[in-house]
Amino acid sequence: MDQMLDLPPPLSNEVPMMHHMINGDAPQQVILVQVNPGETFTIRTEDGALQCIQGPAEVPMMSPNGSIPPIHVPPGYVSQVTDRNGSGPCQLYCETKCESVIVLTLQVSNVQSRSALVSWTSVSVSGSSGRVPSCSYELQLKDKGRDGKYKVVYSGEELQYTLTDLRPATDYHVRVSTVCNSMKGPSSDARAFTTHSAPPDTPLPPRLSHRTKSSLTLQWKPPVDNGSKITNYVLEWDEGKKNSIFREYYVGHQRHCKVMGLCPAVGYTFRVAALNDIGTSGFSTEVVFNTTGSLPQTSLPPRLAQAGPSWVTLEWTRPNSCSNEEVVTYTLEMQDETKVLNSALLPPSHIPLIPCAVVTMWRSAPSSLLVCKTTPDRPGPPVNPAVNAVTYHSFCVTWGRKVNRYLINLCLCSESQWVTLYRGPERKHLCEDLKPATSYSLRLSCVNVGGQSLCSDDLTVRTHIPPPGRCQPPSTVGNVKHKEMTLQWDGPLCGEESENVEFSLEMCAMEEGSEPTEVYCGSKTECTVGNLLPGTTYRFQVRAANSAGYGPYSESVEISTAAGPPGQCSPPAINVRSHTCADVTWEVSHSGIDISEYRLDWGRDLDSLELVYSGMETCFQISNLEASTDYCCRLQAVNQAGAGPYSDLVMYRTPAAAPDVVSGFCCVDHPLNPTDNEPFSHSTCLALTWDEPHCNGAEITSYCISIGDRIFTTRNETSEMFLQIRAENEMGPGPFSQTLTVRTRPLPPSPPRLECAAVGPQSLKLRWGFSSRSQLTDDTTYTLQMENRNQRFVVVYRGSSHTFKLQRLSESSQYRFRIQAVSEAGEGPFSETYTFSTTKSLPQTLKAPRVVQLEGNACEVTWESIPPMRGDRISYVLQMLGGRDSDYKQVRSKLLIKPPFFISFESRLKLLSHSNFPADELLMNGIHSEQETEMGLKLFASFSLLSILCLTRHNQHLNEI
């Protein structure tokens, strides 16, 4: 048969073979498949169509990525790679010798309820040789209703296959693929089909739900309908004749039936089938049910027919009262000492048995007891064998079973021979006199009257290796150095027990009380011991060890190291003398080597160490140290062989001390941190500053200022002081600084006394001065302050004058003042607060009153009123000058006074003191008089302190009264 290759798509004859390469695109590989005469080359194109090419022909195949793709060809193809032009890409020629290509088409026919015929065809062309290559087919089936995976149901060379054991009314998918020369081709397109419906499956046999002496009630479960709904059930019976001839008893869709009119204690056979539109299912298996009957008589006791180790065979007789037609069943009960009823036999024991007969639903009384006995059986093998206490010449074997009637056989296998070591009832045995490092196999068995048990599984044990013997004493290799030496030794005698031997070398100093120390542990017989002291004797001994433990020590050997430079000195000790001085002491080296000198290095750190002492003394005093400063030192011993290693570095910190002397102590004009709560005065205060000294390791807690002799003169002059300062910390006070001479300034002047020299309604004139004892000088100035509405004092005058007049004040108001004197000594304190008040203002000038002649001897006098002044009530006084009188008198005539009117009248107004008029002559609402004459009038507008006079007489002015 022809084969089909999975190759790249072919080039059409109309397309030039090297088109892409000529156009300069990416390199292309062209593959030429050569088809021989009489052969056909079939390929699948990109669109899925099949193309058959008859030979002879060359089929060009293009590789788009420039590489030759793998071409899988069956036997018969010969691959040749040639270069036609001698340059450029290589062309591949596949020369067919015997080739076939297969294309499959799939069909499903003859679909039944449980089978279907699947067939497929192939398009094939035989090769020139006429040989059909080995090719087979795989048919795969998938059930849509299951897991949805294809399963191979057929594999062979046939072109068709009948599917069987299908389920009715089920959807299936089927596909086929080829396998040629162990190579599997692609699968065909899947073909779907659905099986036909079928008669129902065979139902289960009916079950008995109730019975009496004359009826049986049966019921059954529905079977699978196989795609068509079940319409009826058919129940058949043998009418109790036991002749295998069945007749219909019931046909219907119900799944239960009651069979009536039956005989007592008779068995009847039944079967059931199901029907649907397709057909009838098969009948179920036959089942027998019995109607109820009479009680059988008591059964005879059973008889023992045969007995074994774990079983017995019993037999008994059918009751005589039961007819041959009745079905009799029997119940056999067994009883032992621990269980009331049991169906199992427990050998060996006496087993009581009680049989009874059962006819249909009636049970007879139990028979009498039968006591039987099982025969003894051979025991099982011992359980849990174990080995412990293994040594190199013995071990102990234990096992789990211990029964007095059993005997234990213990067999030992050595050199392929089994030997019985023990036979008895115990559960352990000690095996002795064995070979060291030897493997043994053990097995056990039990023996009793029933026989010997099977042997237990083999148990393998190996004796231990004995400890190694004594080694030879160690000896030196080469020259012994002052710090190290190389030792070697011979191990114990070689043998099987000396495998995997390790050695332990111990060293001990010769000093009393020294403990041995392990300096080497390993499998070699040579080691180098280092970190030794020069000129010192050491004792060495060696022993061997293996898995069994350590062997005895060898004889000890004493070896001394060579003399060398001194060893490392002990760290020196530092004793404090003061914060500037310390004593360094160290111990004499006891290594037994002569020391020529000691070298002491001292510094603040490792990099600044310097040699400060060299000699044979064991102490040295270091001075000129700084307080609270870190220092370090180290010691080195020297002899004729050279200098030894330095001791460990010793750190030292000098103690803290009192602070250094204070520098930069001086007086400044103003304090560096002024505060509002404490005003600064050059007369009573000094502003001092100084530089913080070195604390010497303890924080400065305070400063102490010493004031020497003071010189005080008058208050206007300065004071001279001599001051010194020192710092203090927890270690104590430091030294005093150099003496600082300072002078205070004179005290500022005291405030003068403040007086009011003149007062007016809108002004106050103030003056001030000092007594003869005041500090008044020519350069003294004054600051006058007045309290404003916000109750804050503001400056209203600053200067050297002794008086000041304040204008534009409010009438009849109080004002608060204070004053301060300022001189070159500074600002003096403010005086106490003084309070002064302005006076009230006079009423404004009134116009002349207006006089109107009335009837008879009456006249009306009117004048213009004025508003109240700052809440004070205004009163008016009217005077008259009549006839030849020279003095004005109070008007007592019947005059009507109308203050609200504004009337023009020639007059002059003058100020009069209120005290010039009697109180009884002051009229509030009018002044009355009985005289009727020509008169001059004068009018007073009066309030608490001042009055205004309005006077008129023939238009002449009057002087002030």
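The chain as shown is numbered from 1 upward.
Note: Cβ is positioned from N, Cα and C throughout, glycine not excepted.
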Of the ranges 64-84, 190-210, 715-735, 820-840, the one TrEMBL annotates as region 'Disordered' is 190-210
For the region 'Disordered' (190-210), what are the same-chain contacts with Cβ under 8 Å, counting residues 6+ beyond its ends?
-> 106-108, 111-114, 116, 118, 142, 166-175, 216-228, 230, 233, 235, 256, 270-287, 289
Per-region confidence, the domain 'Fibronectin type-III' (202-294) (mean pLDDT, whole number) | 91
Summed over the domain 'Fibronectin type-III' (470-564), the DSSP helix, strand and coil counts are 3 helix, 40 strand, 52 coil
So how many of the residues in the domain 'Fibronectin type-III' (381-468) end up helix, strand or coil by DSSP?
-> 0 helix, 43 strand, 45 coil
